[in-house]
């Protein structure tokens, strides 16, 4: 009968986390904690490493669908759901941290931030950012998610959140899943409608941004509509 002993430098991930702090753990160890168990064919550490080997970077995990996660060796439906929930929670925490009282100094700065959030979305998302008198973001609201042809903005809904959060200005942002950021006639129409509605309420439409993974279009920079 053999007894198994662990050396100080080979503590199980949960024990290492408790002893040394979460920052001390490798990506493999963190993922192993989330996966919890292995299979008959592979240990949880082997599965974690296989998952990481399938990624070009950790950000790929955020982009993966439930089906894509399940296609990875050793990842069943339950593990895939749990992983996606954890990834989304981490994303929301990060978004909240960067959102809190962030001052908007330029369209380029804001576009870069929203590219990270919307650039890889496969459906069109229309988002409104609401600002105070110091041009600090006080609220972010997704107005619409859908196909390009169905993405019709309703000024009344956009202004509802502006009034609710006592915003003095707002920025519209939406993505083009195709990757091309040139505005459509519908984009121009929506921009005009929202600007007119904002003016009636004494709210400033600072910009309307169109973003893709690698590019952006600013109505304020490129047109005279704003």
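In case you wondered, yes, glycine gets a Cβ from its N, Cα and C as well.
Helix, strand and coil counts under DSSP for the domain 'MPN' (103-225) come to 46 helix, 38 strand, 39 coil. Residues or ranges marked as domain 'MPN' in Swiss-Prot (evidence: sequence analysis): 103-225.
Per Swiss-Prot, Zn(2+) binding site is recorded for 174, 176, 187, and the stated evidence type is sequence analysis. Other Cβ atoms within 10 Å of the Cβ of residue 187 (Zn(2+) binding site) number 22 in total over all chains.
As annotated by Swiss-Prot, motif 'JAMM motif' applies to 174-187, with the evidence given as sequence analysis. Within its own chain, the motif 'JAMM motif' (174-187) has Cβ neighbours under 8 Å at 114, 118-119, 121-127, 148, 151-152, 208-217, 219, 223, counting only residues six or more beyond its boundaries.
In the predicted model, residues of the domain 'MPN' (103-225) average a pLDDT of 90.
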